[in-house]
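Visitor: Structure in structure tokens, see below.
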């Protein structure tokens, strides 16, 4: 595997329920490196760009309304195979179908309140990182335990 970056966002339901620390901890314990982090209430314009692939879907308006309804914690994580690993840690989109031990399986309520968003592939990750972060907001650093993280 190669070192890559992914975009994750703790949605307003996760922030309001006080799950930020729990979720951050899962990715830290997995050994991934946090290179970008900010909390914001997304603008309608940002939300519409982020969910643009769903523009023609009947749930688009509700999705945009929800993600702009409160604070979101936007993050960029880095590591070997981080995109696929993050998807596995997050679990299925529908919490009732997500495996126990995953974020959505343990913490999600329903498809509309599933706590977290994660990029689904390299192209999406690149698009979402560029949409939510300026390059100056991303930090290149090496953890002191780096030699224990990668071969």
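For all residues, glycine too, the Cβ spot is worked out from N, Cα and C.
According to Swiss-Prot:
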type     : residues                 : note
BINDING  : 11, 59, 87, 93, 104, 114 : ATP binding site
ACT_SITE : 117                      : active site, pros-phosphohistidine intermediate
Visitor: What does the structure give for the C-alpha distance between residue 87 (ATP binding site) and the residue listed as 'active site, pros-phosphohistidine intermediate'? Integer Å is fine.
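Guide: It is 9 Å, counting Cα to Cα.
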Visitor: Counting other CB atoms within 10 A of each CB, which of the recorded positions 11, 87, 104, 117 comes out lowest?
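Guide: Candidates: the recorded positions 11, 87, 104, 117. Fewest Cβ atoms within 10 Å: 87.
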Visitor: Tell me, if you would, which residue among 93, 114 (binding-site residues) has the fewest other CB atoms within 10 Å in the structure shown?
Guide: 93
Visitor: Relative to the Cβ position of residue 59 (ATP binding site), how many further Cβ atoms are located within 10 Å?
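Guide: Excluding its own Cβ, the number within 10 Å is 12.
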Visitor: Taking the residues 11, 59, 87, 93, 104, 114, which the record names as binding ATP, find the longest CA to CA distance and state it in Å to the nearest whole number.
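Guide: The two farthest binding residues have Cα atoms 22 Å apart.
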Visitor: Rounded to an integer, what is the Cα-Cα distance in Å between residue 117 (active site, pros-phosphohistidine intermediate) and residue 11 (ATP binding site)?
Guide: 7
Visitor: Which three-state DSSP class does residue 104 (ATP binding site) fall into?
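Guide: For residue 104 (ATP binding site) - judged by DSSP and reduced to three states - the answer is helix.
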Visitor: What three-state class does DSSP give residue 114 (ATP binding site)?
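Guide: Where residue 114 (ATP binding site) sits, the three-state DSSP reduction gives coil.
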Visitor: Helix, strand or coil by DSSP: which one applies to residue 87 (ATP binding site)?
Guide: helix
